[in-house]
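The structure under discussion appears below in the form of structure tokens.
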Amino acid sequence: MACVTTVGLGVIFFLFRVFSSGYTHMSICTPGFELEEFVFKVHRNHLHSGKRLGKVTFNNCDGRTRTLFQSIDKRFEINTDGTVTLKRQVTLHEGHKVFSVHAWDSSGMKHTASVRVERVPAQVESSSDVDLTKNKRVKRGWIIPPISVSENSKGPFPMRLVQIKSDYAIETRLAYKITGEGADLDPKGIFTIDRLSGWVSVTQLLDREKKASYKLRAHANGVDADVTEKPMDIIVTVTDQNDNKPVFTQNPFNGNVPEALEKGEVFMTVTATDADDKENTDNADISYVIISQDPPSPKPNMFAINPVSGGISVLEKGLDREQWFRYTLVITATDMNGEGLSTTGTAVITVTDSNDNAPLFEQSSYTASVPENQVGVEVAKLPVTDGDEPESTAWSTKYQIIAGDKGGFFNISTGPSRLEGIITTVKPLDYEKTKQYILSVIVVNDDKFVGPLPTSTATVTVNVKDVNEPPEFIPKEKFISRPENLPVGSNLIPFTAIDPDTEKKQNITYRIGNDPSDWLNITGSGQIQVKNALDRESSNVKDGKYKALILALDNDVESPATGTGTLVIELQDVNDNAPVINERTIKLCNRESAPVLLSITDKDLPPFAGPFKVEPQGDTSKNWSVFFNETGHFLNIKPQSQLEQGEYKVVLRVADREGESQENIIQASVCDCKGEAFQCTDKQVAGIPLFGVLGVLGGILLLLLLALLLLMFLRRKSNSKKEPLLPEDDVRDNIYYYDEEGGGEDDQDFDLSVLHRGLDNRPEVFRNDVAPTFMPAPQYRPRPANPEEIGTFIDDNLKAADNDPTAPPYDSLLVFDYEGGGSDAGSLSSLNTSSSGNDQDYDFLNEWGPRFKKLADMYGGGED
């Protein structure tokens, strides 16, 4: 009995230990999601904002019901109780959506689970719910679970994925097949289906980066019965695996950082990409880290990088371009938020200059001398130095005069080198007023200083040099008003100048510089007088004002100077001009003519001008009517009665308001016409009546008739003469002695009667060496009565003689170089060989006609 009791106690103790140990083991709790993947099913592809999808559960092991969740896809929001809702509208393009969810337990450890939102068909009535006793057709449907396959799966292949079925399979045997991309379309053969069971299998390894999903279509047909199921689309989703490293978009990255950039400011960004799924997984979530910095000065961690964005910023102060102008950073990009695959890149950072060095003048003081009265003169150049980067805005300089130039006489500008200030004068300096200027000049950069920097200052002492200045008229332009009828010699006004060189005690003399009308004179004391009569109506007077240039000259020995002043005389008008009619010639008809409008001008101004008065003078008042038009500014003139055609002088005396007048003569051409159609005929010529014209024409005709009768008489008388009218001393029959030196041509000894009669009226003139051509004899002009026409007369008769076939031999072409046989004249050498004149026989000269009678009488043995 004791033994049984002992055994019983041992069993009880053993059971207690077992249960106690089991209880202890069961009491250990591990925080985490209750599922690795939560699936939420929806019945449509378009999900609206605010829709509640489901709930994820997380065990904290501390009894808390609320947990901090974070969705990788920002379109989904997870409350602390695990409820998943949509923040904005989502469309399931592939029929599903997968994203990651993070949760943190009480110790701060992060946990991750997947959430899958997939579309499923609306719930259809299953075959178990159909009342077979009712004679009703039941709507059929497919049973297709979601299909997903992980990329890079190693099989074995073919690897079953899911089994699809149709409700017709309850009634009859079905044969299944699939079509679409990956089945019978490229890429072909990736997916297959068992014809009778409906198992869908994949035949090879898939790559999501090449194709993330495949769209198939399922078909079912009856084997034993004529049954065909409506085709159904199937989406096969390839889930991502982290099989791609991040890749930097460029390598290296280049950036610039100002040496005075504040801490935390981002100045450049590096980026990398990952081909893995970024929407549904964290396989493409990249984290950036700086691995090394070269040079590690002044501190090894001068820069920081944002792990998510890749933005690089300044972490520590101390960048100095003058010491370390470039840094090289080695950066890694790791996916899965820094826990996956990684790659390495480089960022090259160039430190750009900041204005941390103030420009400094090379000297603290300068001295310069400038002559007075000169503008634009360079006073001094102030060179500076700057330790910043050359040609940068932190290096180039600008200047300012801060003291010593209250009058604004100087300007300072940056020189071509951009490291010098150039002071110039912008106003003329006056030695007599200020002999010395002390200027304070500062220099700064175009860019602002970084931090508090001292400003360099220089002092410039400018000494003004005295030069001889021209006398100055005060005022430089003087206005006076005087009447234009001032008598010659009258004083107008004293116009004097002062010498600004008060220390020299110089004398000033005056001259007239420019006096266009020569009206003025100036005395040695500067008194301006009237030299010639003034005239306000002169062309040199503009707007009633006359300007003259006055000169003032000093007597400096080295460099005498001349000052100028302008005298403006406003001439007051007086009545010294009579009115004038502008139109001096008019034309009008003598019948029904409209009045001719005349305008009157007066050089004088009111009240010395209009209204005007007009008085016809002499016979004008008898033949012409003169009156003003309705405006009173224009004068109308017309004949009082019908006048004969001709030229008339119309004399009008025009007077102004004060009676200043003068006569105006208007030449009026009157034509025998009507109205305004002015057109003259030949009825009158130069004012001579018609009968006078006829008388003149008759006299001319009578004179022409008498001249014709006289000419006929002379021709008849000339035909009755037997002997030619050749004077004894005809120029062509004279013997000239050419051995007389100094003798001239008697070019005035010609017989006009020979030219007058013509050769055709002299029957004794003939040629026996030319056959007659029976051409009509030319007609020669008679001798003109007017001696001035002799030239024309000779030219015309010369042309007629050239064409006359009966012209004498001296008018024909002679060949003088032929002296052969048959020539009656023989050779000229015979004149020398003959012993006397009797050896020659000159009887043939008698045959040459009367033109050679004189020669025949001398040598032919005839009468003396």
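The backbone N, Cα and C atoms fix where each Cβ goes, glycine too.
Here is what Swiss-Prot records for this protein:
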BINDING   Asp243  Ca(2+) 1 binding site
DOMAIN    147-248  domain 'Cadherin 1'
DOMAIN    474-581  domain 'Cadherin 4'
CARBOHYD  Asn555  N-linked glycosylation site
TRANSMEM  693-713  transmembrane segment
DSSP-derived structure type at the residue listed as 'N-linked glycosylation site', helix or strand or else coil:
coil
The residue listed as 'N-linked glycosylation site' to the residue listed as 'Ca(2+) 1 binding site', Cα to Cα, whole Å, comes out at 105
Kindly report the helix/strand/coil residue split of the domain 'Cadherin 4' (474-581) according to DSSP, in that order.
0 helix, 51 strand, 57 coil
Tell me the residue counts in helix, strand and coil for the domain 'Cadherin 1' (147-248), as DSSP assigns them.
4 helix, 51 strand, 47 coil
Mean pLDDT over the domain 'Cadherin 1' (147-248): what is the value?
87
